[in-house]
């Protein structure tokens, strides 16, 4: 019993700390899909983020109950803790499964949408930097094209009208006089946007996946510890269950 109490107290403090980290992961996913919403057709892709925020909120009272039970057992609080741990376990498993699934599915979708946006982009070598979705992404991520700058040369417009340049949004920030001239490739961003977008997407999703997986294990340990303490309570006193 003493070990179960100590473990439950320790896990209670852990739950308080992990609530902030869980909320960070949720906000990260939601903001990412908000910033690049024109690249994702399904609005439910931010669902893992909202589930993580809900989990973070529930973790706070769960931590309070775990610490209080480790100090003084109460049949009502022990039963409530079990319910909260079960709810958290369901939320964590759902978040982890959705995050892993969306990380795989969204990669192919990103390539298709990015390819379409690049092909439909209308620009000339003499124009000012545009404000289309592609230009915004290329400036924000410091990237060029889907895979690299040569993607712009494969579009019908660039190959026919202006094969000697790419959009100015491909220029690196430190080159203020860059106009996308292919004669100065060193002034252009080398990496494609797809790789950087996939990196951001998978980082956010895998953060939630692994965090939820580890937290689920801790919740099971908390449930076991609470169960050990409940064994010493008469069954009729645990009617709340």
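Yeah, the Cβs are placed from backbone N, Cα and C, and that goes for glycine too.
Here TrEMBL flags 7-30 (among others) as transmembrane segment.
Annotation comment: TrEMBL describes 50-69 (among others) as transmembrane segment.
Annotated transmembrane segment per TrEMBL: 81-102 (among others), in sequence order.
The transmembrane segment annotation in TrEMBL covers 204-229 (among others). Long-range contacts of the transmembrane segment (204-229) within the same chain, counting only residues at least 6 positions beyond its ends with a Cβ under 8 Å from a Cβ of the stretch, are 1, 4-5, 7-8, 11-12, 14-15, 18, 21-22, 25-26, 28-29, 32, 48-49, 52, 55, 62, 66, 69, 73, 78, 81-82, 85-86, 88-89, 92-93, 95-96, 99-100, 102-103.
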By Cβ distance under 8 Å, which residues at least 6 away from the ends of the transmembrane segment (7-30) in the same chain are close to it? 46, 48-53, 55-57, 59-60, 62-67, 69-71, 99, 204-205, 207-208, 211, 215, 218, 221-222, 225-226, 229
